[in-house]
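See below for the structure under consideration.
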Amino acid sequence: MPSGHRTATISSIVPLTSDEHEVELHSIRRNSDNQSINSNTGSSHDKSNSNDKSRWKKFLKKFDFLNVEKRGIQRVLPEDRNDSTIINTAMIWVSSNMIIPCFAIGTLGPAVFKLGLYESFVAIIIFNILGIIPTAAIACFGPASGLRTMVFSRYSWGFYGASVIAALNVISALGWAAVNSITGAQTLRVVFNDKLPIAVGIIIIAILSMIVSFVGYRWIHIYERYSWIPVFIAYCIVAGVSGKYISHSQTETLNATISNEIHHWDISSILSFGSVCFGNAVSWCSFAADYTTYFPENTSQMKVFVFTYLGNFLTLIPLGLLGAAVYTGTYTNPSWSDAYEKNSVGGLLGASISSVGGFGKFLLVLFSLSTVACNIPNIYSLSLSSQVVAPIFKHIPRFVYTVIGTVIYVILGIVAASSFNSALTSFTDVISYWFSIFIIIVFEEHLIFRRCSYKNYDFDIYDNRKVLPISIAAITSGLIGLAGIILGMSQTWFEGPISKAIAGNSGQHHPDVGFECAIIFTAVTFPLLRLLELHFIKR
């Protein structure tokens, strides 16, 4: 790109890096004479930092046998990249998506939006295909930069804009962890014949998830590489035993002629359900590079994209289709309907495999514990995003945030468990809204202003707020995108004018097009504002 429009680079900043056996507790910078100086200059501060550092080192020493990852948001330098197992980029998503919530997303088509089976299938396939693309693309940034997703976003959102995005990402991770724990606990409750309190099930799943996310990158990839296998077999059994109950419509016979009004209502519901599917699929994009930063710089970008895409595609779509199909069994089987009303998706799964007897209990245990594989990356990425929210937060070791985050989402899960369907629908919709704004700004910066070349980035300045973009263009266009969300959204608590206009005067369901409006509004305004920012501010 033209030199005047390139982000300035400086050599006077030393990136904060963490040694494999030591956690950095204070930042290092260089003055104008290129002399290394401590940001804490007082002797009392030095002594305090030294004592804190010593205490952390002694604490970490106890976990050396687990090879706990001590690195936080510091850049992984090329010489420290030691992961060459490219299949890991697929397997982490296979295991993370082979879970009950992805099955539950599929049930929302017929259960909440009152779609027929084929209409649900159309929405699941199309919107998942689109929603997976951002995750696969952002995963490619990890090997090229050695930076976690939220840190990489500083090159488009700016230092302060990325702090806002990181805070939203923390909230998203907590929300998804709570949703996953609820579905796992509901299923575990069925195993114990409704005698196990939901709160206890949530706590069990949370503790198991915290252990692996605590130790870090290496153990996460090991766990995710194999945990999907028994769960995949279990879902195959569900598909086999429930097939005879599947119905393509909520009515016994299909009407051969459909009025324009009813057809219009169906399209609106497909768009709204599609928004939920898109929100679920795109939700991994803000985590994607966190799991590829240890790959060498010369790792094939195409391989990373394809493997990441396939890892999501081969799980999100089949599980969503299965969820929609199995739910239709409630139309003709009263016991399935009662089980769903009582224990939501966990009850539905239990009813669908009741014919296999005691073995069904074992399958339900597998289903409930599968949510651990999804919560692990949620909490791991939460710990990294927390360090980006504010400069002071990076001094707290990554693994401490895994404990704090676990406590918070356990509380959220217990509170939200009583109204799971409405909570899941609203949450995934809201997620799709802000992710739409996030990905457009990151991609337009990379495609337009960095010309798709990593040579146009200086990855050594990732922590220097004085050289990174100033955030005005990103935040302003993000707010304009927010206006698009408000105009296009359709929730029980608010309906925007664009949503109402699409539905017309039919009085039927208003489609949720909030994320589509967010994409359009942001995509149009960010390039213009970024050009002005580069012209006047030069960074």
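Including glycine, each Cβ sits where the backbone N, Cα and C put it.
What TrEMBL says about a protein is an automatic prediction, not a curated fact.
What TrEMBL annotates here:
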type     : residues : note
COMPBIAS : 33-42    : compositional bias 'Polar residues'
COMPBIAS : 44-53    : compositional bias 'Basic and acidic residues'
REGION   : 28-53    : region 'Disordered'
TRANSMEM : 90-109   : transmembrane segment
TRANSMEM : 121-145  : transmembrane segment
TRANSMEM : 157-178  : transmembrane segment
TRANSMEM : 198-220  : transmembrane segment
TRANSMEM : 227-247  : transmembrane segment
TRANSMEM : 267-292  : transmembrane segment
TRANSMEM : 304-328  : transmembrane segment
TRANSMEM : 348-378  : transmembrane segment
TRANSMEM : 399-419  : transmembrane segment
TRANSMEM : 431-449  : transmembrane segment
TRANSMEM : 470-493  : transmembrane segment
TRANSMEM : 513-532  : transmembrane segment
Most Cβ pairs under 8 Å with the transmembrane segment (304-328), selected from 157-178, 227-247, 431-449
227-247
Most Cβ pairs under 8 Å to the transmembrane segment (121-145), of 157-178, 431-449, 470-493, goes to 431-449
Does the chain bring the transmembrane segment (267-292) near the transmembrane segment (399-419), so that three or more CB pairs sit under 8 Å (pairs 6 or more apart in sequence)?
no
Honestly, do the transmembrane segment (227-247) and the transmembrane segment (198-220) touch, with at least three Cβ pairs under 8 Å and pairs 6 or more apart in sequence?
no
For the transmembrane segment (198-220), I need the partner stretch with the highest count of C-beta pairs below 8 angstroms, choosing only from 157-178, 399-419, 431-449, 470-493.
399-419
Mark yes when the transmembrane segment (157-178) and the transmembrane segment (399-419) have three or more Cβ pairs under 8 Å (sequence separation 6 or more) and no when they do not.
yes
Name the range, of those listed as 157-178, 348-378, 470-493, 513-532, that has the largest tally of Cβ pairs under 8 Å with the transmembrane segment (90-109).
348-378
At a C-beta cut-off of under 8 Å, are there same-chain residues at least 6 beyond the transmembrane segment (157-178) that contact it? List them, or none.
101, 150-151, 206, 209, 283, 286-287, 374-375, 378-379, 381-382, 385-386, 388-390, 405-406, 408-410, 412-413, 416, 427, 431, 434-435, 438, 441-442, 464-465, 468-472, 474-475, 478
For the transmembrane segment (513-532), which partner among 348-378, 431-449, 470-493 gives the most CB pairs under 8 Å?
470-493
